[in-house]
Amino acid sequence: MAESKEARDQEMNLKEESKEEKRRNDWWKKDPQGPLESDQWCRVLRQSLPEEKIPSQTCIARRHLGPGPTQHTPSRRDRWIRGQILQTEVLQERLEWRIRGVQQAAKELGEVNRGIWRELYFREDQRGDFSAWGGYQRAQERLWGEQSSPRVLRPGDSKRRRKHL
């Protein structure tokens, strides 16, 4: 008789263990939630974006309003306020995502510009800096009153008229 009791205890233990394992395997499922605390609303409604340091006006308004209807049927004014707050939260999230997009584009633009300047500096290191050459040439022409290199074609004079010379 003692053996049968032990066997039953072992079966019960196995059942409890399997239930616990099932619970452990369900860790990804959401726990059934009661009414949320008023501070939790901001985090829950915008889980995709991290909570900003300074709470926005909308978050402050929601905290002031408190959690959803728990004991009573809300009045029309209460429902309207809640609707407006939801709408502002949606707009706020859209705005934040837009800001993120602009920041991302600015970052990419900065990277491209840095790449361009890196290549320019590399070219300058390889071939030397000729950016001031045109100014130097013009200064020489002004000083001496003649073109420094008449072989270079200007838009005004073509080689055609000098061909027979």
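Backbone N, Cα and C define each Cβ position, glycine as well.
Swiss-Prot assigns the feature motif 'Nuclear export signal' to one of the listed ranges (32-55, 56-79, 128-151), namely 32-55. Residues belonging to the motif 'Nuclear localization signal' (159-163) score a mean pLDDT of 60 in the model.
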